[in-house]
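If you check Swiss-Prot, you get these features:
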REGION    23-130  region 'Disordered'
COMPBIAS  69-92  compositional bias 'Low complexity'
COMPBIAS  104-120  compositional bias 'Basic and acidic residues'
REPEAT    194-216  repeat 'LRR 3'
REPEAT    217-238  repeat 'LRR 4'
REPEAT    263-284  repeat 'LRR 6'
REPEAT    309-330  repeat 'LRR 8'
REPEAT    332-353  repeat 'LRR 9'
REPEAT    355-376  repeat 'LRR 10'
REPEAT    427-448  repeat 'LRR 13'
REPEAT    473-494  repeat 'LRR 15'
REPEAT    496-517  repeat 'LRR 16'
REPEAT    519-540  repeat 'LRR 17'
REPEAT    565-587  repeat 'LRR 19'
REPEAT    589-610  repeat 'LRR 20'
């Protein structure tokens, strides 16, 4: 049956610009992050929190714009989107203002309702009197009985107790109680004989009543984010279940009675403490989605191969030492998550899983793949082998990359890209070879005509092939932390280039042709040996970020004033930089500037000591362009 999610609240997040004293590495595309098979949003506990500080006015690296706004930590509701567990949020926990007419000792608790059209909780009152939470629940049950309601949503209503009168709601087909403070369920819950969907996620349940087995029609049971230390025995008696969510509990053991749930098509045991999976898993032959990620599994039972209808199997972030050969029986498999385990090898039988479109084994200890494995998986579009122990590309030749659009080999020990390895990869647009041992690039690099993103950062490259100018579709080029002494003049032919990262090389100069990169938005030259910048840099009118700190610059060209879109400028740690051009004040969009450890002796000491804002003001005041 369809799962309603129209009332799922969205939590507004705010952010504001912060001062950065050193540029961060930019332009590097992130490695593939795998996938979550139950498609749920992250809880507030798992979301990163952003901590910001207001810029100091007396620092020499600072935000030139006005500071404002506040930082809010990420938070999402557990409402459902397409493919998620059931349930929608129509109310949120809150304690709005109580009626001033009531004595404090008898003031009822206020329930706030979050309306779909607004992010602001609104107190619900009737005739000036706040509704008591428990009384409200009882009234809802009474209404359910009288009107034969089919769907009842009491999510996020600060409910702590479900009253026995729930037994009267026998007409219910969908019952949503997620996001409350319920620690136990009454036995009367077993009277809801027509119930098909029961959402109890984000509560404090430690057990379930045996009467739950009376729910003979139950299809979907959501118990995510509770406090279950084991799978309650009564769950194994719910033979009609097709979808079971047990994510983020404290479950350590999965019992053999799991075999009783033969109707399951979706099972999520993600983020528990499971060390072993019973062979009984093989009885769940209707399973299409199985999420066992973020547990402590070291091995899988051979019986996993009996789950022949699986299309998605997520095993990432476990302690797996091996994968059974029976994995090859899962001929319908489309997504297989193996990231961050302890695998040293991949079974040959995986070549039978020809419907897979992504192969991701990031964060293991694999040094080689079975011969021809990738070539057999002809539908692959994304290959991620990053953070392993590869010394060379997988054997299989050009055929293994025929339909691939993205390859990530970051953080391995590869010292060579074979000539012609991508000769059949006509759709390859992204290649990440960051943190390897490359000393040179293949002579046929000019044939990679569809390439959009190249990352060769943190290798040992001493030069770039002149043919790099043939990559007419290239938009992002990362060459940071290499040993480059020069950039070929042909760099100017990369007309679509938006990001060029040359940080931490040995460059003493830049070709004037760099000014031909009219689409360039981010240019990173930090930590080189540059003594000057070409005047043609003024032609980069789309540039928003320029980092030339930690060089040997003696001056900045006057043409820098034509960079009308420049927002961030880092010129820190240039020991010979004694003055700045007045034209710098023409960069009206400049918001962040770093001048730490630059003498700037041509400027008054009190101006330099006042930081970038005062420096810019001084340049404006004394500039011959001040009337402009």
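The backbone N, Cα and C atoms fix where each Cβ goes, glycine too.
Remote same-chain partners of the repeat 'LRR 15' (473-494), defined as residues 6 or more beyond its termini with a Cβ less than 8 Å from a stretch Cβ, comprise 25, 27-29, 429, 434, 449-466, 500-511, 513-517, 524. Residues in the repeat 'LRR 13' (427-448) partition by DSSP class (helix H, G, I; strand E, B; coil) as 5 helix, 3 strand, 14 coil. Through the fold, the repeat 'LRR 19' (565-587) approaches residues 20-23, 60-61, 526, 541-559, 593-603, 615-616, 619-620, 622-625, 628 of its own chain, all at least 6 residues removed from its boundaries and within a Cβ separation under 8 Å.
Across the repeat 'LRR 6' (263-284), the DSSP tally of helix, strand and coil residues reads 5 helix, 3 strand, 14 coil.
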